[in-house]
Protein chains: 2
Amino acid sequence: MELWLKEGQIEDAVMTYKIKETLVRRMTPYQDLAIVDTYAFGRMLVLDGIVQTTIKDEYVYHEMITHIPLFTHPNPKKVLVVGGGDGGAIREILKHPSVEKAVLCEIDGCVIEECKKHLPEISYALDNPRCEVFVGDGIKYVHEHKNEFDVIIVDSTDPFGAAEGLFGGSFYKEIFDCLTEDGIFVAQTETPFYLPDVVKKVYKDAKAVFPITKLFMAAIPTYPSGYWSFTIGSKKYDPESVKVDLPEDMKLKYYTAKLHNACFTLPKFIEDIIR
Amino acid sequence: MELWLKEGQIEDAVMTYKIKETLVRRMTPYQDLAIVDTYAFGRMLVLDGIVQTTIKDEYVYHEMITHIPLFTHPNPKKVLVVGGGDGGAIREILKHPSVEKAVLCEIDGCVIEECKKHLPEISYALDNPRCEVFVGDGIKYVHEHKNEFDVIIVDSTDPFGAAEGLFGGSFYKEIFDCLTEDGIFVAQTETPFYLPDVVKKVYKDAKAVFPITKLFMAAIPTYPSGYWSFTIGSKKYDPESVKVDLPEDMKLKYYTAKLHNACFTLPKFIEDIIR
């Protein structure tokens, strides 16, 4: 018998993964959660049928969503991750010695629990004393904390269902107020190949709130089309022009100082989407 | 009844496309050729079960494999395409007014014939008077033409079966001799996510022949992992540092003057592969 996972995000172009075993499958109060072990990408977190992160390629997403804002800010001390219950963003954030506290605000405690059990390589930093885990609504958390974080990372699922409120102008205004006066915000914002309208709207909404708004791209094989966008909003520092001095002992696999600048250079069709 | 194409290149991570209809399916002397109409990417050329090009995303591959070398060379007059029977590379090459002659050397005449019939948006330039179509073996053609082409583009299938001889040091030496004294060569060289050993070998082989060898990347949703490498070998001009003045009327969808330079900035894991 062969078991295959069919990825659910794009209807007519479906990625499928051959599976060794299903490690966990449960309905949480928020979503259909599964962790499966695949032949091609190792263990994989799947929420509502959509691949969130895998052992083999998670480094791309987690390095790019964290190190771009954290190396843009000259001295990030307090960082907030909204979503990101797998802990991968926290792991990368804590590689920055300047960071005194990294708060994870994840709405679904079951994601944290199962990732701690089945994806320890990704989640281990959640137990670090510099990390504070808060299970609750990110929108409420951001609303209740003003002028507090140097960097806010929105590491959410797709903008349908549970995470819908995390995409859009009213949330970005709350994020602006939750940031310190030179703070930086970044979010994963889907693929311009399949969802150009989402990319366009998020960029426009962020641009209406932040003085500096940029889009950057990364290659992630297990996300639809393999090419993913991130939107960054900054109050003071321009992420594209900063010169990064990357510590040699950080041992990253995707991010480099030179790529920090180059990832903002967009193909023409994406320039057109956000124009 | 639903028809789906399962892409055959990677065994345990299989891309599938829902199909409207099969326009042609035949065994040629060289391969299993199909052109199918898909919901997600429109009409699609499939050789030996592997997607070669699609109406919706072909622009990325064809723009990047041609404009990078052609804008690097200051005055390309004669250009050779080895493979590329769909005609997409020829279409882009002929956008350069300096080009007097573009030769297509494709081993499988059936590819040309069927692409002319079913993919006219891609193949139309094959009838241009500046294009010369030659059906035959690329290795033989290159061997028999010395010091003739300013740019040679190897637009081949994967390095298994028919195209195997188009990857490797002995062919690159022949290409070197087929180029003029300031000539440039480029080839599609697979994805570093799934086939790092191919990328490594091709780069090493090219580097042993050409004074300047570089790798650049492009995002192609219908190729495995969505992230594709191209290897460029140059006798004189450095493709990464050239400043491109892109004519406004060229109307490209992926390539930009700024991306010409940025696409050579590699993620760390690819830097490590070719080190």
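Backbone N, Cα and C atoms are what each Cβ position is placed from, and that goes for glycine too.
TrEMBL entries are annotated by machine, without manual review.
Per TrEMBL, the feature active site, proton acceptor maps to A:Asp155. Take the CB of A:Asp155 (active site, proton acceptor) and look out to 10 A: across all protein chains shown you find 27 other CB atoms. Under the DSSP three-state reduction, A:Asp155 (active site, proton acceptor) is assigned to strand.
The secondary structure of A:Glu106 (S-methyl-5'-thioadenosine binding site), as reduced to three states from DSSP, is extended strand. The Cβ of A:Glu106 (S-methyl-5'-thioadenosine binding site) lies under 8 Å from the Cβ of A:Gly83, A:Gly84, A:Gly85, A:Ile112, A:Val133, A:Phe134, A:Val135, A:Gly138, each of which sits 6+ residues away along the same chain. Per TrEMBL, the feature S-methyl-5'-thioadenosine binding site maps to A:Gln31, A:Glu106, A:Asp137, A:Gly138.
For A:His62, A:Asp86, A:Asp155, A:Ser156, A:Thr157, A:Asp158, the entry in TrEMBL reads spermidine binding site.
Sequence annotations record features per position, and here TrEMBL assigns domain 'PABS' to A:2-235.
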- Per-residue Cβ crowding (10 Å cut-off), top of binding-site residues A:Asp86, A:Asp137, A:Asp158: A:Asp86
- Task: Have a look around A:Gln31 (S-methyl-5'-thioadenosine binding site) and count the other CB atoms within 10 A of its CB, chains all included.
- Result: 21
- Query: Non-local Cβ contacts of A:Ser156 (spermidine binding site) (under 8 Å, 6 or more apart, same chain)?
  - Reply: A:Val82, A:Gly83, A:Gly138, A:Ala163, A:Leu166, A:Phe167, A:Ala187, A:Gln188
- Rounded distance in angstrom between the Cα atoms of A:Gln31 (S-methyl-5'-thioadenosine binding site) and A:Asp158 (spermidine binding site): 12
